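Down below is the structure, laid out as structure tokens.
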Amino acid sequence: MKVHEHQAKEIFARYGLPVPKGYPAFTVEEAVEAAQQLGKFPVVVKAQIHAGGRGKAGGVKLANNLDEVQKYAAELLGKTLVTFQTGPEGLPVSRIYIEEGTNIDKEFYVAITLDRSKSKLIIMASSEGGMEIEEVAAKNPEAIITEVIDPFLGLRPYQAREIALKLGLPKNLLNKAAGLFVKLYELYMKEDASMVEINPLVLTKEGNIVILDAKVDFDDNALFRHPDIMEMEDPTQESELEVKAKQYNLNYIKLDGNIACMVNGAGLAMATMDTIKLAGGEPANFLDVGGSANAEQIANAFKIILSDPNVKAIFINIFGGILRCDRLAEGIIQASKEVNPHVPIIVRMEGTNVELGKKMLAESGLDLIPADTMWEGAKKAVELASKA
């Protein structure tokens, strides 16, 4: 689960991490009031969306007086902000953050995340802050410093100090920066985060270090332990279909293609999308119905898929284990009768009760296209989608 910048900074402040003073605002009047509470200019007016690249997209403004705060707040609130991370559809700005200005001398990048190749947490840092880390990795990979964090010992103070030293921070701030990194790790562990990022961490002209932008992603599977964080969820930052899918306990992510996928298991779902790409098509979604799906959930999955106007074909690829093929067939038949699909449906299934499942589909009277292999199913889906 993602949270907004102002929410991430609230959490950071609980751990004693240095964040500038600021207030969220949902209306122009609240924005002006927030600026008045800060009591000095300049202030920064920041659009709050779950995506990076806000500055380049015009979502971060420097205001030198109340009139400018009012003007920028009116411009941003209610706007759909398009950045390189949002896709062409953008994300709605329903709130902004009014924050005190900071005299920036130098910018840095710091993050803690899981390195899947090492199966351990790492802390990453770079002296090239303010840029997207992917851009730094592509253009200047040697500028990225990494330290592997021992799962039993945690981030050790000497590691944190070494990172601060390699970043080139002034000697009088090395211990302070090292303490900041250790607190960041503490936050990561205690709040069940999957990623924490500071971009940028700034050295101010007054000689302080301040967190200018904060990002936290939380592990969805651990949210039951954090009701306060669950309350921070903003459904406006997700597509309507993704919100519906959550209500149905389905793992759904909308993509830009025209071939919908319905699969059980995340690994098979990704392999299915890769196969569609290999066959020359573009997947319209990631959809994992899970191993315990029933006929009703299959029907709900169909409804979500068919709500996407871009879908020109549906490829159902199921390996029947816990989710038996006859149960899948029952769900497909029920869903087809309820929603009357207007696009071709290709079905490939293997595993438990596969013959019974195929028999049920064949006798259903529905216009379903069988496939014996994933490759055959992907090719048929691409061919039929191109004709639609």
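Even glycines carry a Cβ here, placed using N, Cα and C.
Taken from Swiss-Prot as is:
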BINDING   LYS46, GLY53, ARG54, GLY55, GLU99, THR102, GLU107  ATP binding site
BINDING   ASN199, ASP213  Mg(2+) binding site
BINDING   ASN264, GLY321, ILE322, LEU323  substrate binding site
DOMAIN    9-244  domain 'ATP-grasp'
For LEU323 (substrate binding site), the three-state class that DSSP assigns: coil
Neighbour-count leader, CB within 10 A, binding-site residues: LYS46, ARG54: LYS46
Alpha-carbon spacing, GLY53 (ATP binding site) to GLY321 (substrate binding site), which is rounded to whole Å: 43
Cα proximity to ILE322 (substrate binding site), best match among binding-site residues GLY55, THR102, GLU107, ASP213: ASP213
Distant-in-sequence Cβ neighbours of ASN199 (Mg(2+) binding site), under 8 Å, six or more positions away: GLY52, TYR109, VAL110, ALA111, GLY129, GLY130, ILE133, ASP213, LYS215
Around the Cβ of LEU323 (substrate binding site), the count of other Cβ atoms that are within 10 Å: 24
Rounded inter-Cα distance in Å - ASN264 (substrate binding site), GLY55 (ATP binding site): 39
